[in-house]
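The GTP binding site feature in TrEMBL is assigned to ASN116, LYS117, SER118, ASP119, GLY165, GLN166, SER167, GLY168, MET169, GLY170, LYS171, SER172, THR173. The annotation Zn(2+) binding site is assigned in TrEMBL to CYS247, CYS252, HIS254, CYS260. Residues or ranges marked as domain 'CP-type G' in TrEMBL: 66-223. Taken from TrEMBL, the feature domain 'EngC GTPase' applies to 77-221.
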Amino acid sequence: MTASTGQIIRSHGRRFIVEADGQTFDCTTRGKRVDYACGDIVDILIQNREQAVIERAHERRSLLYRQDDWKAKKIAANVTRILFVIAAVPTPNEELLGRCLIAAEAGDIDPIIVVNKSDLPETAALLGKLQLYVNLGYKLVTLSAKQDFSPLKPLLSGHTSVLVGQSGMGKSTLTNALLPEANARIGDISEALDSGRHTTTHAALYHLDENSHLIDSPGLQEFGLKHLKSPDLIHYFPEMRRYIGQCRFHNCSHCVEPNCAIITAAEQGAISKHRLDLLQRLSRELG
Ligand code: GDP
Ligand code: ZN
């Protein structure tokens, strides 16, 4: 058996496909715990021309989790760019955007808000709402996946990107535009790996060019935040960082405590009510 190093380019439940030495290997893992995600750089032991065993993952630049009620599942590793796709129709859920930005901040990943369906007249009102996030320093790009998705291209260059967002916003339209064969390919893989059952979430990494990659996980609406710690939350709200250490209680949850610097700033209008609400909801969720 030969040892090699490669990258997981497909994950499907407990099965992985690893690209190494210009070939792909159908891989299993050792032990019961599956600790790998699409995008992971892994050491493998090659068994034959098609099969290998994953031994370990290299240290990750970043790690994203899937939102799941019972357990945090790793969905994508080494992502450097998150594209949050939003559109005026169907009615967007701003909470999803807020949560996505938290996942990005916590993973030290550069997020971009992609406002899709710019051809729809309702887009102007949405852009007005999203100005809050532009003011916080987040990048925003407006485009129509149906008409011209080219504004996205330079933003993907040199990055490993992932698209996320509410259903109906245009993620698959964009993915198909970027990777015309993606759907067919991911379909083949899920069949091969899971004999057609669609019980587990799968992810696939596609090469846009030598240095730019896209991890596609169909239907990815939201990242899991359960791995975060409640006291760390305000680090992930850029507008709140300056108040760190200013609350009366050092372990302030910013929910009910007196002399909370965050609540005071929100009352004075320095922090948006929306964002305080999100902080408080997350704080309660994480306990
Ligand atoms: P997903 O659920 O996020 O993957 O969204 P889809 O890519 O399936 O798109 C949902 C719907 O929005 C489909 O009917 C698309 O044709 C439509 N759609 C996608 N992009 C655009 C766009 O730029 N403009 C308009 N008007 N519709 C779009
Ligand atoms: Zn506080």
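Backbone N, Cα and C atoms are what each Cβ position is placed from, and that goes for glycine too.
For GLY165 (GTP binding site), the nearest of the binding-site residues by C-alpha distance turns out to be HIS254; the candidates were CYS247, CYS252, HIS254, CYS260. The binding-site residues shown are CYS247, HIS254, CYS260; of these, the one with its CA atom nearest the CA of THR173 (GTP binding site) is HIS254. For ligand 2, no neighbouring binding-site residues occur among ASN116, SER118, GLY165, SER167, LYS171, by Cβ distance under 6 Å. Distance noted between the C-alpha atoms of CYS260 (Zn(2+) binding site) and MET169 (GTP binding site) is 37 Å. Fewest other C-beta atoms within 10 angstroms, among the binding-site residues ASN116, SER118, SER167, THR173, are seen around SER167.
Between the CA atoms of LYS171 (GTP binding site) and CYS252 (Zn(2+) binding site) there is a gap of 38 Å, rounded to the nearest whole number. All chains included, 26 other C-beta atoms sit within 10 angstroms of the C-beta of GLY165 (GTP binding site).
According to DSSP, the secondary structure content of the domain 'EngC GTPase' (77-221) in residues is 54 helix, 39 strand, 52 coil.
Considering only the residues assigned to GTP binding, ASN116, LYS117, SER118, ASP119, GLY165, GLN166, SER167, GLY168, MET169, GLY170, LYS171, SER172, THR173, the longest pairwise Cα distance works out to 19 Å. Filtering ASN116, SER167, LYS171, HIS254 by Cβ distance to ligand 1 (under 6 A) retains the following binding-site residues: ASN116, SER167, LYS171.
Each residue contributes its Cα atom, and for CYS252 (Zn(2+) binding site) and SER167 (GTP binding site) those atoms are 36 Å apart.
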